[in-house]
Amino acid sequence: MRSQIYFMFSNFFKSMGWCKVPGFMQAHVEMGLVDEVELKSLLEQETDSPQTKAASLMEQGSLREHRAKAPRNSVIQSFKIVILSNKLNLLLPFGPLAILVHYLIDNKGWFFLLSLVGITPLAERLGYATEQLACYTGSTVGGLLNATFGNVIELIISIIALKNGMIRVVQLTLLGSILSNLLLVLGCAFFCGGLVFSRKDQVFEKGNAVVSSGMLLLAVMGLLFPTVLHYTHSEVHAGSSELALSRFISCIMLVAYAAYLFFQLKSQPSFYTEETNQNKEMSEGDEVPEISKWEAIVWLTILTAWVSILSGYLVDAIEGASVSWKIPISFISVILLPIVGNAAEHAGAIMFAMKDKLHLSLGVAIGSSIQISMFAVPFCVVIGWMMGAQMDLNFQLFETATLFITVIVVAFFLQEGTSNYFKGLMLILCYLVVAASFFVHEDPHQDDI
């Protein structure tokens, strides 16, 4: 009877939260409601209750999940995870093989091809290491890491070419990366996503798309005025006004890009933060980080160094490959190099679109295009200024017109805030037209390369 009375009162006091008051259980013993033996038995029953066990299991699971956030791998385990876990890494030996061919065989065409194949898995692994590192950072840092390392191949190739005085290779490579992201990457994402969800139009944030289109048009304006100034022969000081204008516009574009990052990352939800948050959700749900933060940093350093070495050989072989294959240097720089450099972004954009997460596909394609046009291009102009190289924003008439028309076409396709496989197909066909145009285009400044 006393036990029943105790249960009745204890259940009431539990609901009120009074059982947690110190001395509450001992007071029941002193009042004679329950003796010490019964109290011990009841406490054991309470401890072994299903609710308590469930709470304990949840706590243990939470601890295990927390420990999974920072795995501790040995050097061999880390090597297996990063290098041996992906089938695309079967192409990694082509990098050392390319260097071997460079010293044994005097054939620039084969060397260039092997270098391209060898860089492809490195671009994918850079993306993987960046995603792993983004799991440990906030949305701002992770978003910047994803955007920056997504274009690290183009930046490295451009800096090496600029150091070697190959200004046209820098201009054409950066231009090709913008065209590839806007037409090929975005087009394939729209097309594949539209095929998977063929019965509806995929929707994305229209406001962000409009802002991004405006930034791209601003980049086109920055390239257009030095080109028009050159071809109208209206310079105040022939040979110097064009270069001075390019350097001034580059500084303005860098300020505009910094303001854009601040606006997107601090004031408004952006492609960068959405992409990073999505990576974080994937890591917490379907996936957990496979390597630790410091492992990711070390692998990023190693992969970037290897890409830099291989890119140096690749840049030296561009002219020889053009002669060997009888292909214009502009086609190699604008079409072939960016396709390899954007391999990881290409695969990621398609994957997100097929999961109906089109805002992430836009973040990959449009975000990378904005970073190249508003940061990488003016950054190379400023770096060339420091090196004493006359790198300017005059990308020549044919190239500037191609970029201008591309941005206009993409802006029209984005203005409705929807996509389907037809829009994707049109963008892919536009890219084929651009590729064919550069295949028959002879660069008038080929001697400067």
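Every residue, even glycine, has its Cβ placed from backbone N, Cα and C.
Record features (TrEMBL):
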- 88-105: transmembrane segment (TRANSMEM)
- 110-265: domain 'Sodium/calcium exchanger membrane region' (DOMAIN)
- 111-128: transmembrane segment (TRANSMEM)
- 140-162: transmembrane segment (TRANSMEM)
- 174-197: transmembrane segment (TRANSMEM)
- 209-232: transmembrane segment (TRANSMEM)
- 244-263: transmembrane segment (TRANSMEM)
- 296-315: transmembrane segment (TRANSMEM)
- 296-438: domain 'Sodium/calcium exchanger membrane region' (DOMAIN)
- 327-353: transmembrane segment (TRANSMEM)
- 360-387: transmembrane segment (TRANSMEM)
- 393-414: transmembrane segment (TRANSMEM)
- 421-440: transmembrane segment (TRANSMEM)
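Against the transmembrane segment (88-105), the recorded stretches 174-197, 209-232, 296-315 differ in Cβ pairs under 8 Å, and the greatest number is found for 296-315. Within its own chain, the transmembrane segment (421-440) is flanked in space by residues 179-180, 182-184, 186-195, 198, 327-328, 330-331, 334-335, 402, 406, 409-410, 413, which lie at least six positions past its ends and keep a Cβ under 8 Å from the stretch. When the domain 'Sodium/calcium exchanger membrane region' (296-438) is classified with DSSP, helix, strand and coil residues number 120 helix, 2 strand, 21 coil.
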